[in-house]
Structure formats: structure tokens, C-alpha cells
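Q: According to TrEMBL:
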TRANSMEM  27-49  transmembrane segment
DOMAIN    41-157  domain 'G-protein coupled receptors family 1 profile'
TRANSMEM  61-86  transmembrane segment
TRANSMEM  92-118  transmembrane segment
TRANSMEM  130-151  transmembrane segment
TRANSMEM  191-213  transmembrane segment
DOMAIN    205-409  domain 'G-protein coupled receptors family 1 profile'
TRANSMEM  225-250  transmembrane segment
TRANSMEM  256-282  transmembrane segment
TRANSMEM  294-315  transmembrane segment
TRANSMEM  369-390  transmembrane segment
Amino acid sequence: MAPGNLTQVTEFILTGVSDRPELQIPLFFVFLLIYGLTVAGNLGIITLTSVDAQLHTPMYFLLRHLAVINLGDSTVIAPEMLVNFLVSKKTISYYGCAAQLGGFLVFIVAETFMLAAMAYDRYVAICNPLLYMVVVSPQICLLLVSLTYLYSLTTALTVTSCVFSVSYCSSNVTEFILTGVSDRPELQIPLFFVFLLIYGLTVAGNLGIITLTSVDAQLHTPMYFLLRHLAVINLGDSTVIAPEMLVNFLVSKKTISYYGCAAQLGGFLVFIVAETFMLAAMAYDRYVAICNPLLYMVVVSPQICLLLVSLTYLYSLTTALTVTSCVFSVSYCSSNVINHFYCDNVPLLALSCSDTYIPETVVFSSAGINLLFSMVILLISYFNIVLAILRIRSSEGQRKAFSTCASHM
């Protein structure tokens, strides 16, 4: 966009899912239901994997953290979106928008790496079952989850900082306006309950996984360690978005502060990146478990799992910080209305009146690299898993091998 008035704006307007007033309430209940189911499901997973000692394994540990990430991811977006269904002015403050973007990035990045970690867990479990408890030890799982969260947070902070480091037009932007899912007033309440239900199920499911894989000694394995961190990432991912979205369904002014938007973007990136690599790590875990069972506890030892999780969090945090910083490093002019129900980097950059070539390059390059590497790890792991399973002569052995990948799949 051409440079224009560079006075800072204080809020953004989110266009939402629809601007038709008659759709606001139905959409509210729809998304409230979705959010409630998400929260309930993830809380259920977190609780179940935490209280059941038999689920204290690396797989369910990663699953628990994935549920946490999913819960956080939806919570970052859903509450604000739900509130915007119920209010006429779908605004979000400048800082609220930054916080939403940061939080969303945290959970999105964390989720990608958590999924990668879960894929690695399944890979080790299937390809190296005898060494599973060594290669995917509780320490290694903890390290993988920790690195996933750390990297997701770093990435979210970096990206959100970039996004909100620029000037936004229309009198010193201090907040953004989120359009939400729909601008139809009659859909705000229905959408609110829909997303509240989804978010509630997500929180419940992920908390169930986290709790079950934490309290059940039998689930203190690399597979459940990665699963627990994947649940944490899922919980954080949904929590970054859902609360703000739900609030916006109930208010007329759907605004989010500048720094709140940056924080949301950063948090979302952290969890999203962390989730992709956590899933890759889980795939590798399953690969080792099936393809190299005798070396499983050596290849996927507790130390290795902890390292994988730690690196995942660290990389996710770094990515989120980088991308968020780039997104907030440009100037925003003439409009502070974000055509979305949460602070995302692409809608934010669309509001900029300055050159967005570098931020856009960073955003898309980061997304492409993260997706490419995590998918390569996941696909290679499962390709080898399938080959290993096909080499098993007995149908019972094949069934057991496939069952180790069931939760991850």
C-alpha cells in the first residue's frame, strides 16, 4: 500500500464471519457449540491422561499437551469471536489484537511441533519397540515438550513484535476491531454458545490428557510424555483465541488492544509451530518403537524426549517472536478493522500502509519451512512404519503395531 497518514490507531475492527445481522445469533450458538465441544474434549483428554496411571506413557503425555495446545489455540480466538457475534461494534484494542495474535501463534506453532513429536513417538514405538522406553523416555518427552513450548513462545513473540512494530494509521492505533465470525446480531448468542461448547470440550479434553498422563505411572512413557505436551499445546493454542472470541460475541465493540493483538498473534504462532513439530516428534517416536524396538529406550530415552520437546518449544518461541516482530514492524493506515475473529498476521499486514514485502516474506517463508520440515519428518516416519508393519508376518503383530499409532492418527 502507498504510504499515508501514519498516526497511530488504538483499535481494530474485525469484520467477522458474516456481516449479515440475522446470522449473528445462529453463528454465535454454532461456534459456541464448537468451542464448548473443543474445550470439553481437550479437558477430558487432559484429565483422563493425568489421573489414569495406565496412561502415563510418552504417547499420552504428548497427547495431553496437544490437548492443552488445542485448548489454548481455540481459547485465544473463540471468546473474542463469540463476543463479536453479540455486539454491533466488532472492535479489538491495539494491544488486545497483539496479544491475541501472539497467543494464537504460540499455540499454532506449538501444535505443529507437538504433532511432529507425537509422530516421532509413534515411529519409535512401532519401528523400535524394544528401545521405546529408552529413546522416548520421560525425560526426553519432557525435553521435547519444553522445547516445543519454548520455541513456540519465541516464534510468537518475534512474529507478533514484527507485526506490531509498525505504525498504524487513523490516530495512533492502540486497539484493533475484530469483525468476528459474523456481524449479524441474531447469530451472536448462538455462535457464542457453539464456540463456548467447542472451547469447553477442547479444554476438558486436553486437561484430561494432561492429568491422566501425569498421574498414571503406567503412562510415564515417551509416547505419553509427547502426548501430554501436545495436549498442553492444544490447550494453549485454543486458549489464545477462544476467550477473546467468546467475549466479542457478547459485546458490541469487538476491539482488542495493540499489544493484546501482538500477544495473541505471538501466542498463536508459538502453539501452532510447536504443535506441528510435536506431531513430527511423536511420529518419530512411533517409528523408533515399531522399526527399532530393541533400541527404543536408547534412541527415545527420557533425555532425548526432553530434548525434543525443549527444542520444539524453543524453536516455536523463536519463530513466533520473529514473525510477530515482523508483522508489527510495519505502519498501519486508514483502517484498524481486522477481517478476522482473531489477530492473524495476514489480515494485519493487509491493513498496513507501508511496504510489507519483508514481513510477508518472513511470514510465508516461516510457515512454509515449518510445514515442510514437520511434514517430511511425519511422512518419512509413517512411511517406514507402514513398511515395518507390512513386513510383520502375523496379523496379530500387525494389529498391535497399528494400535500403537491409533491415538496419534
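Note that Cβ sites are derived from N, Cα and C of the backbone, with glycine treated the same way.
Just so you know, TrEMBL annotations are computer predictions that nobody has curated.
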Q: Quick test of the contact rule: Cβ under 8 Å, at least six residues beyond the ends. What residues does that give for the transmembrane segment (369-390)?
A: 109, 112-113, 115-116, 119-120, 122-123, 126-127, 273, 276-277, 279-281, 283-284, 286-287, 290-291, 319, 398, 401-402, 405
Q: Taking a Cβ cut-off under 8 Å, which residues six or more beyond the ends of the transmembrane segment (92-118) line up next to it in the same chain?
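A: Here the qualifying positions are 8-14, 59, 62-63, 65-66, 69-70, 72-73, 76-77, 80, 141, 144-145, 148-149, 151-153, 155-157, 159-160, 163-164, 168, 173-178, 223, 226-227, 229-230, 232-241, 244, 248, 254-286, 308-309, 312-313, 315-317, 319-320, 323-324, 327-328, 336, 338, 342-345, 348, 370-371, 374, 377-378, 408.
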Q: Determine which recorded stretch among 27-49, 130-151, 191-213, 225-250 has the most C-beta pairs below 8 angstroms with the transmembrane segment (61-86).
A: 225-250
Q: Over the domain 'G-protein coupled receptors family 1 profile' (205-409), what is the model's average pLDDT?
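A: Residues in the domain 'G-protein coupled receptors family 1 profile' (205-409) carry a mean pLDDT of 84 in this prediction.
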Q: For the domain 'G-protein coupled receptors family 1 profile' (41-157), what are the DSSP-based totals of helix, strand and coil residues?
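A: Breakdown, helix to coil: 102 helix, 4 strand, 11 coil.
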